[in-house]
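So the structure is just underneath, and the comments pick up after that.
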């Protein structure tokens with residue numbers, strides 16, 4: 001049976017309390033694609049690597065999408081009202097600010113396709129990969145948060161092998 005349309009302003013009014021750190025997302029529709037509402041502020045340092053594209057729409061306020069584009073670290077600003085399609089396999093870190101709301105649409109992953117969370121060394125002279133966690137993503141609502149908390153709780157995973165700098169899961 002088809003799901004009824006969702007009135008987004010009404011949903012936000014009634015459910016904004018569901019947008020909790022560290023990811024601040026809530027999956028409102030599933031079925032081939034997952035539609036998430038994402039609030040700010042968030043506090044993450046990981047870069048998500050998704051083998052499928054991700055569609056962003058900034059409903060309220062602006063956000064910064066930190067990406068690694070052909071080996072270069074750069075920021076993409078997505079302003080209120082903007083849409084942006086991030087190609088597959090681009091490491092990205094969505095930075096959301098206080099009192100902002102976005103919608104993200106991701107394709108459900110086929111069996112065997114792995115997502116990854118990657119942390120880079122925070123030392124700008126180094127920027128080597130500190131740790132990467134690959135996993136079969138089945139539940140966007142819980143697995144990203146679990147991977148972040150796992151990284152946060154293990155200093156060995158957070159220590160850069162190249163320069164010794166200790167990374168954190170929050171900026």
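Note that Cβ sites are derived from N, Cα and C of the backbone, with glycine treated the same way.
Secondary structure at residue 44 (O2 binding site), taken from DSSP and collapsed to helix, strand or coil, is coil. Taken from Swiss-Prot, the feature O2 binding site applies to 44, supported by sequence analysis.
Taken from Swiss-Prot, the feature Fe cation binding site applies to 48, 54, 92. The number of other CB atoms found within 10 A of the CB of residue 48 (Fe cation binding site), across every protein chain shown, is 21.
Under the three-state DSSP scheme, residue 96 (substrate binding site) falls in the strand class. Around the Cβ of residue 96 (substrate binding site), 26 further Cβ atoms fall within 10 Å across all displayed protein chains. Among the features that Swiss-Prot reports, substrate binding site is placed at 54, 96, 106.
The divalent metal cation binding site annotation in Swiss-Prot covers 121, 126, 160, 163. Remark: residue 160 (divalent metal cation binding site) has 121, 123, 126, 128, 130, 166, 167 as non-local neighbours, by Cβ distance under 8 Å and separation of at least 6 in sequence.
Contacts of residue 106 (substrate binding site) defined by a Cβ separation under 8 A and a same-chain sequence distance of 6+ are given as 33, 34, 36, 50, 52, 54, 55, 140, in order along the sequence.
Across the fold, the C-alpha of residue 92 (Fe cation binding site) and the C-alpha of residue 163 (divalent metal cation binding site) stand 23 Å from each other. The Cβ of residue 44 (O2 binding site) lies under 8 Å from the Cβ of 22, 23, 93, 94, 95, 148, 169, 170, 171, each of which sits 6+ residues away along the same chain.
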